[in-house]
Amino acid sequence: MSGALVNPVPVLPSRGCSDLPVLRERGQREVFCGLTGIVWLHRKIQDAFFLVVGSRTCAHLIQSAAGVMIFAEPRFATAVMEERDLAGLADANEELDKAVSRLIERRPDIRMLFLVGSCPSEVIKLDLSRAAGRLSERYSPDVRILNYSGSGIETTFTQGEDNCLAALVPQLPESRAETSQLLVVGALADVVEDQFARLFDAMGIENVRFLPPRRARDLPPVGPSTRYLLAQPFLGETARVLDERGASRIAAPFPLGAEGTTLWLKAAAEAFEIDPMQFRAATAAAEARARRALEPYHAELSGRSIFFFPDSQLEIPLARMLSRELGMQLTEVGTPYLHRHHLAEELALLPENTQLSEGQDVDRQLDRARTARPDISVCGLGLANPLEAEGLTTKWSIELLFTPIQGYEQAGDLAALFARPLDRKTRLRV
Amino acid sequence: MQLTVWTYEGPPHIGAMRVATAMEGVHYVLHAPQGDTYADLLFTMIERRDKRPPVTYTTFEARDLGTDTAALFQRTLKDAYERFRPQAMLVGASCTAELIQDDPAGLAKASNLPVPVIPLELPSYQRKENWGAAETFYQIVRTLAGPQAPTAVTQRRDANRRPVCNILGPTALGFRHRDDVTEIRKLLGEVGIDVAVVAPLGASPADIARLGEADFNVVLYPEIAGVAAKWLKRTFGQDFTTTVPIGHGATRDFVSEVRRIAGLPEEETIDSRPASNLPWFSRSVDSNYLTGKRVFVFGDATHALAAARVATEEFGFTLCGLGTYSREFARDIRAAAEKYGVEPLICDDYLDVEQAIAAAQPELVLGTQMERHIAKRLGVACAVISAPVHVQDYPARYSPQMGFEGANVLWDSWVHPLVMGLEEHLLGMFRDDFEFHDEAQPSHLGAGARIPAEPASASTTSAIPPADASQVRKPASLDGDLISFDWLTEAEAELKKIPFFVRGKARRNTEKFALERGLSEITVETLYDAKAHYSR
């Protein structure tokens, strides 16, 4: 059948859980492209605007993904390429300049404009970085114009955020601090960000900054004294450019669940040589509260099996949290891309027999899910209802990006997201 | 490049997917980059289908571009055939694949599959969703029904059987297509006409092959089935209907048209009791206050034209704007706009539509999901009459737009957003009520306002949170910016006494009146002079 397309390459299992065998597959991938990141990023950075340079498909994608939101003034738009742009009848750069000037006239409140590359603009090799430089000169200092790619050929879903933050990094001011400074990287819900800021403060880590900032003008400084902590697992490129600026990463598992949050905070505490007593004092009450919140869900979810289709790269940290803190059985944990270095701490915590898969051939993966018949399948919206119709319970995965799930106070909410579909199934009598 | 905030239509391959997904036994292999599978959720979430669309994507990535993407396409095609065993296949490219020019048509031919393979040429940078659906349906019909074409069109009617027709046009992700088909099938049955094939919705390739057997075609959605119907007329001599049965009058006209085409006698006696509740509801005195309400209509051409007729002839509204995003039907819209004495708006730029609506100052907007956004910003009542629509317009209940039951649905859904009669009168009489006031939602629409414990001053009683309130006022300044008039305080205060849904129009008329007479300031007198002049 589709054997020609697929080369499952089981890596030889060797010592420890960090070297779990990974099933690598190629075929149809049922995933979003990086443009989707705009749907949450435009709300996080409030005075930024995202202009996609692409086709009508790109415009249609963003509006379908953001469809239910009613915008008085949306903070994203698409410059749709037309026949003239492709045939060389119109200078694509001039056309782009026109679109940008029309936009900036309409929205004088914009302080930062991202030109977001798409598949069509990448394929015709429209040089958006040059365009961004040229336009920056024209509109500086009022508007800073940056570019990154959110194309499907280069990015999967959350990698759009990675590329966006990576584009921000060269813009960050040089840090002149003598002592170490902490930078938390990855878009978090405002409420989560505030909780983390309070915890770091209680631990005695001062001047913690977050990337992305809530406003384009509040860019955090970066330099050799910067230690950064990734809050999200999909930030490979951002980490690389932060390293180039001299910053160094604090290795940690991701702050999901009570245990994950403690380990994540602890990694920072150790890097900043915080007294363990002070660390416990700052975190103990919140951690205990998180564990209490998880208890009822442990009763509901323990022993249930779960199958992850690849989507956001959050799958491995989530699987770790669900198996260790809620006792769930992992059948297959799919991820669109596995960054072994950033996920080393996570992989070490996974149960030994976990089946990991990287990439996707969706039809074959569906066959495996149908055979395994897991109690919950975590998948995208294109698969969720069809699987429900086949009698499988699903948890649609994008919600995990749109809900505050990190940190102690959200541990119970995170568990609830997985318990709710099962709860619903037992309630319904129709 | 065109700056686009919202797009009324998707790219043409979405139209092709709508046709493929509507049908049975057809599979579509789409050469497209990773990420274009987002389109699946239009069908699984918005239309709430319980199956994956029959579409396989090649989902190529950047690293594939260095290799043989054509080979990737061929493998995907072969695998999809093996797995799904369809009776016919569609092959095509999305916008990005169009740029790399792998020629799906040639590759599919070379693959030598044992089923018909229909190549689709959909120019993504020129055309859009409905065009894509029409072209796809046309190609399917040509390929699958074509071989059945008689050498010469012969007399087809067997006098002893009931006339038979096809219903053409309904697709997946169509606005109320599911229930329209049910309603029209029932209506045709009552007239004495049988339905052979409904296509594309629910049809298999075998069904398409027997399209030629029917006596004539009923075209419900000209945007999608128009091209195919014309081809069927040329090839099989099948007449097709041109009246779209949306509204009571149009449904009656439709019945006469199918009777004529089917060779049935004229209806003997016009039944004194109409088949729809709309005529009586509209004649009942409760509807008196609907007379002359200003309505702006925008949507696809079919629904916009139908809505214009229903709004004016069956609701007694006044049309103050008519437009469509369907460029293919621009001529029909222009002709209709001339008849109604309004400016036609042929455009797919959301911002231009917003401007036109703000300028027309309607009391009701009949439009798409996007006009709902606009109407919300402008604080105008709105009902949805056309795609694009969101999940709430794929309802569980029976809600056709077509036929006599469709007219009932139109009645309820268009009247609903308007302020009800008594409330409208009271708002005109008493201006300072803390609970029922201009900016509060009509009280039958529920939780608009939280009533403060004690009546506060007028400005703080606003039902809308401050952020929204500023947006609601925006358009007033927007259109007021053109020429600034010196409204005397008293006149301004008097203007505020006019109910809010006609206030914008009153301001406009007064300013126009003042301009024509060269008046530099506007007094209470000017306001009432203008009122008398235009006597709305």
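Think of each number as a place in line: the chain as shown, counted from 1.
The backbone N, Cα and C atoms fix where each Cβ goes, glycine too.
Caution: TrEMBL annotation is automatic and unverified by curators.
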Stated TrEMBL location of region 'Disordered', expressed as one of B:277-304, B:389-416, B:445-472:
B:445-472
Taking the Cβ of B:ASP36 ([4Fe-4S] cluster binding site) as the reference point, list residues of the same chain whose Cβ is under 8 angstroms away and which are at least six residues distant in sequence.
B:LEU30, B:TYR57, B:THR59, B:SER94, B:THR96
Across all chains shown, how many C-beta atoms besides its own are within 10 angstroms of the C-beta of B:ASP286 (active site, proton donor)?
13
Three-state secondary structure of B:ASP36 ([4Fe-4S] cluster binding site) from DSSP?
helix
Give me the mean pLDDT over the domain 'Nitrogenase/oxidoreductase component 1' (B:12-418), rounded to a whole number.
93
